[in-house]
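Engineer: One structure, as structure tokens, below. Some questions next.
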Number of protein chains: 6
Amino acid sequence: MSRLTHTDEAGAARMVDVSAKDESVREAVARGRVVMRAETLALISQNKAEKGDVLAAARLAGIMAAKRTAELIPLCHPLPLSAVAVELALGDEAVEITATVRTTGRTGVEMEALTAVSIAALTIYDMVKAVDRGMRIEAVRVVRKSGGKSGDFAQD
Amino acid sequence: MSRLTHTDEAGAARMVDVSAKDESVREAVARGRVVMRAETLALISQNKAEKGDVLAAARLAGIMAAKRTAELIPLCHPLPLSAVAVELALGDEAVEITATVRTTGRTGVEMEALTAVSIAALTIYDMVKAVDRGMRIEAVRVVRKSGGKSGDFAQD
Amino acid sequence: MSRLTHTDEAGAARMVDVSAKDESVREAVARGRVVMRAETLALISQNKAEKGDVLAAARLAGIMAAKRTAELIPLCHPLPLSAVAVELALGDEAVEITATVRTTGRTGVEMEALTAVSIAALTIYDMVKAVDRGMRIEAVRVVRKSGGKSGDFAQD
Amino acid sequence: MSRLTHTDEAGAARMVDVSAKDESVREAVARGRVVMRAETLALISQNKAEKGDVLAAARLAGIMAAKRTAELIPLCHPLPLSAVAVELALGDEAVEITATVRTTGRTGVEMEALTAVSIAALTIYDMVKAVDRGMRIEAVRVVRKSGGKSGDFAQD
Amino acid sequence: MSRLTHTDEAGAARMVDVSAKDESVREAVARGRVVMRAETLALISQNKAEKGDVLAAARLAGIMAAKRTAELIPLCHPLPLSAVAVELALGDEAVEITATVRTTGRTGVEMEALTAVSIAALTIYDMVKAVDRGMRIEAVRVVRKSGGKSGDFAQD
Amino acid sequence: MSRLTHTDEAGAARMVDVSAKDESVREAVARGRVVMRAETLALISQNKAEKGDVLAAARLAGIMAAKRTAELIPLCHPLPLSAVAVELALGDEAVEITATVRTTGRTGVEMEALTAVSIAALTIYDMVKAVDRGMRIEAVRVVRKSGGKSGDFAQD
């Protein structure tokens, strides 16, 4: 098992020091999906959900949440995001969510991309939960990361 | 497909009016998991993650996020939560997260429980991502709901 | 000039005590408009603004801001809003904004309705400012208020 | 009508990418006014409003709101503001508000200046609404902007 | 040593369940002081601090912070505050701060009163730190509490 | 008494302009303590407080609050913090709190360090207040500061 060099011996939480890192352009892409019944997907595609336009709301909620990641995740560094996009696609059994986040900063933006996906997913859930109680949020993960010293990364 | 009686004809988003509903005790339980490598789970159980005590941080982040649900999810009603608990269990391939939320209010607290699970999951992710880039957040869903007019509900 | 009975002699700011007031259903409606060029209105109605769907974003931003009024306006009381709606209409020279807010609480919701209108207006401004630098937000005011002891109120 | 080069074909909202822009000093000045009865203005100038010192509260609320612009306006970029000032002047029929915001960043600060003006105006409204129900917020606009590639700009 | 009946055996943090408690009027008064040099106090009393009106800013910052207590203190319950007042007095060697908070709710408001005192103290510190680096915040404590089942309480 | 060169003649509050300052690495260390009964300290060291793990919660709450300093303290500049650590030590009559904050920015981070100490102290207070009503937060002060033009500084 990897031994972490910066570990506080007592295991106390702290924000890792990034002041020695260089500022560089960093990007992360995260994905996830909200699995639901076909009828619920139809409701969304026809924009007939009780609370209104589901996809527009999810997109905006995801973007806004990305900007507040450092408030929500205790040890995240605040970062000046230079771009956030949330894309939504209706599949056969799920709404597929992709979030892309970019910054020029001293640490990466995976958490921002994952937070955008998670809050977009919760917003979709909220807007159609009155008609579908069995929804599940699945497969929230980072699919691509670039910039920074730890090297680029990609997975499905 | 169910026709939603309160649908704004144009599909515009709005916060559903709950002023005619009675205040009652309402509870929701949500669950989810962060799937990761066995080595990463071992790191957490030995409290050796670089950023510190993973489970304590995830628990608190989940509780704090539940209180901010109405800020994050655009059409959620602000609710005076009377109790929030986040439980974490280390399984064979995942950290299992359970959040329980209670209120005395005019609408349910599923979204608060789901938000607690999601942010607890993201916090776990953040704290061990330096050693495991393949983690996934899976199966975030409501497992129990009680109180309110729509009746009780339970699923796995 | 009306002498205010509860005035702190020294003029120091404080949140007025509402603990002796009864909880009742209270509603307020506020209005305002963003005056702009006809070409900019056309851009919005065709959903061609650079930043995307202007009306959906303004609606959601207004609703979300209403919920945060007590954070923004120093002496506002936090209130559990039971409904918020933001309606937008394209006129000849302006986007007309109407916000309706309802609560069951100890004080009125004019400030919440006005905040919803103001932030919806700023969101519209933000989304089309790249093509129209001369926009103005005008006539933000309360047009109707009901509930509470001070009596109902209406104006244009 | 100007065709916007970066438009998402489907009109979906997103935060415009500013990562290729240079950091530079940027400034914006916005203005607006709260129109009210002469008696209400006298109350403010004598610091006799029920909720206390109106001008000090409005100034601070405006400054604090400028710092939270990116939380309120969905597609605004978070920016490290280097200066914010809110000036208030009592006219014959209105409190005149001027906000000046400066940053060293990759995008302008009009929205921050407009947000400062709007929240300062709402704070004034809140503090004297008990004696004047007919107030209106008028003429909220950018009067000067400098820095950045789009060139300087000034209007009344 | 008192054994706490509701203790989670494993010591995990959680928000104590208050749903069985009755709503009642509850009040708390907290106090504290910012100890500083006589010259610094003179600067404040003459309103000559570089950043402007120190007492007005501290009062408002304290009131606004009281409303956000549940966001800052992880296990605090969100409460609909019905009144907040922050009083400041210039002593011989310190600014004395008193905060009074009232709610009609299911749990007490000591934390809200203490938060108001602490943030008011920090605001004073911030506004005069350019001329006095030796300031200290001292004696932040609850001096009175009433309402609720645990009985009234008072101390110096 | 020092005459402050940048004073607004009328004493109106404003955020001091730092745009002409250089970005540099800046660090501040603040300290404070929560004085309590020996029995209460024992409760904390044995992790038997009703609300759970006191030290982990205080550490995280302090770190999270440091990131929100500019929201709480009206005239603070928002800063991209590069590191925050909160250390807690159990003394004979108090929990001793030390917060260290680092940034690469245009202004210092004393307020962030002091805010971390204050909110960590309030969190400790909150978690054990059920068994000790006489606690006091004492001696919150800056003990070291480095970086920036005003020179380094240290005190006890």
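For all residues, glycine too, the Cβ spot is worked out from N, Cα and C.
Curation does not apply to TrEMBL; its annotations are automatic.
The following feature annotations were taken from TrEMBL:
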type: DOMAIN; residues: D:15-148; note: domain 'Molybdopterin cofactor biosynthesis C (MoaC)'
type: BINDING; residues: D:LEU75, D:CYS76, D:HIS77, D:MET111, D:GLU112; note: substrate binding site
type: ACT_SITE; residues: D:ASP126; note: active site
Engineer: How big is the gap, in Å, between the Cα of D:ASP126 (active site) and that of D:HIS77 (substrate binding site), rounded to a whole number?
Structural biologist: 29
Engineer: What's the number of neighbouring CB atoms sitting within 10 A of the CB on D:MET111 (substrate binding site)?
Structural biologist: 27
Engineer: Can you tell which of D:GLU112, D:ASP126 has the most other C-beta atoms within 10 Å, given these are the recorded positions?
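Structural biologist: Of D:GLU112, D:ASP126, the one with the most crowded Cβ is D:GLU112.
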Engineer: Determine the Cβ neighbour count for D:CYS76 (substrate binding site): the number of other Cβ atoms within 10 Å of its Cβ.
Structural biologist: 24
Engineer: Using Cβ atoms only, which of the recorded positions D:LEU75, D:HIS77, D:GLU112, D:ASP126 are under 8 Å from chain A?
Structural biologist: D:LEU75, D:HIS77
Engineer: When each of the recorded positions D:CYS76, D:HIS77, D:GLU112, D:ASP126 is checked against chain C, which show a C-beta distance below 8 angstroms?
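Structural biologist: Near chain C - Cβ to Cβ under 8 Å - we find D:CYS76, D:ASP126.
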Engineer: Can you check which residues sit near D:HIS77 (substrate binding site), meaning Cβ under 8 Å from its Cβ, same chain, 6 or more apart in sequence, and list them in order?
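Structural biologist: Set apart from D:HIS77 (substrate binding site) by at least 6 residues yet with Cβ under 8 Å, we have D:MET15, D:VAL18, D:ALA70, D:GLY105, D:ARG106, D:THR107.
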Engineer: Rounded to a whole angstrom, what is the largest C-alpha distance between any two of the residues D:LEU75, D:CYS76, D:HIS77, D:MET111, D:GLU112 that the record assigns to substrate?
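Structural biologist: It comes out at 12 Å between the most distant Cα atoms.
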Engineer: With every protein chain in view, what's the tally of Cβ atoms within 10 Å of the Cβ of D:LEU75 (substrate binding site), excluding that atom itself?
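Structural biologist: Summing over all protein chains shown, D:LEU75 (substrate binding site) has 23 other Cβ atoms within 10 Å.
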Engineer: Please compute the mean pLDDT of the model over the domain 'Molybdopterin cofactor biosynthesis C (MoaC)' (D:15-148).
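Structural biologist: The average pLDDT of the model in the domain 'Molybdopterin cofactor biosynthesis C (MoaC)' (D:15-148) works out to 94.
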Engineer: Reduce the DSSP letter at D:LEU75 (substrate binding site) to three states and note it down.
Structural biologist: coil
Engineer: Quick check on the domain 'Molybdopterin cofactor biosynthesis C (MoaC)' (D:15-148): DSSP residue counts for helix, strand, coil, in that order please.
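Structural biologist: Secondary-structure breakdown of the domain 'Molybdopterin cofactor biosynthesis C (MoaC)' (D:15-148): 45 helix, 46 strand, 43 coil.
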